[in-house]
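Annotation source Swiss-Prot lists transmembrane segment at 11-31. Taken from Swiss-Prot, the feature N-linked glycosylation site applies to Asn110, Asn115, Asn206, supported by sequence analysis.
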Amino acid sequence: MKHNNKVSKRLTMTWVPLLCISCFFLGAIFTSKLRSASSDSGSQLILQHRRDQELKIVTQDYAHEKKKSQDNDVMEEVLKTHKAIESLDKSVSMLQKQLSATHSPQQIVNVSATNSSTEGNQKNKVFMVIGINTAFSSRKRRDSLRETWMPQGEKLEKLEKEKGIVVKFMIGHSSTPNSMLDKEIDSEDAQYNDFFRLDHVEGYYNLSAKTKSFFSSAVAKWDAEFYVKIDDDVHVNLGTLASTLASHRSKPRVYIGCMKSGPVLTKKTAKYREPEFWKFGEEGNKYFRHATGQIYAISKDLATYISNNQPILHKYANEDVTLGSWFIGLEVEQIDDRNFCCGTPPDCEMRAEAGEMCVATFDWKCSGVCRSVDRMWMVHVMCGEGSKAVWDANLKLS
């Protein structure tokens, strides 16, 4: 028994150090693994944190770039708007340069009067300028007027110098430069010296443009108190016309003639069809009141207004309607004088016998004297005022 106890003690004493050493190494190995695991875990945490930081930076950069892009877009739109405003300002400025006046009719007239007085030193001052509307094919009509109420040669020149009355046939040019039509007018003008040539292409459907051209050109050449347009198939008493206009000298803006308000024609087959009929309201409406186109007169300020504003004055199909439309909205006195539209005999003859001499005579149904080439002489004999009337008119120039 004693021997066994001794053996047990020896074994115990031998294995204790071994167990301690083994435990030590096992502890060291376990601790090393724990440290290794802990180190790996820390590295992963650090890596994850770094990635989070990088993602945050990238996100912030993206947001910054997006905001920057949006800011650029906004700035680009602002620049576009600014450029558009500048372009609009330039357009308005150009339009303002084309207009002589932009605020009111009174200002327009004041500007017109100033321009006229400035240029007056270079223009002949006269009482009235009469433009007789004619065409290439109307030679016989022109001759019928030369043989009746329109003075010729030296008398025509004397009428301008002594009475301040200018009477001219107004005509443009053909669509082909230096055509036979133009040369025929050149030859006729060389013979009579009674044409006023316009920078205008002749044509029946261009009468509104021709009227605008006449007033503009006449204002540029003569400083007149009145400007008159007459058709070449109308009989006129020059002395009565001059005296009538002289009675309105004190009025600054007058529009004189036989005022009417005819229907707006919409049918395509109608001779005087108005393509822009819709501007005048419902079907069946009438035009605003305007002077009939056979003869009318306007004062200096209105003619100058047309000249100054011709680029923006709208033209309708009918010339007389067009002229009336230009004065809508202006402070203009319309004078409806029925002596401007007497009928042919017996109407004008009866008036003459009653002491009421007509300014102009024509037939409404023909928009002029019917068969004027054949009948103008008869009308002149029965309704004319006499050759001395125009020379007796008191037209002292102001």
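Glycine residues also receive a Cβ, built from the backbone N, Cα and C atoms like all the rest.
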Could you tally the C-beta atoms, other than its own, that fall within 10 angstroms of the C-beta of Asn206 (N-linked glycosylation site)? 15
DSSP, reduced to three states, assigns Asn206 (N-linked glycosylation site) to helix
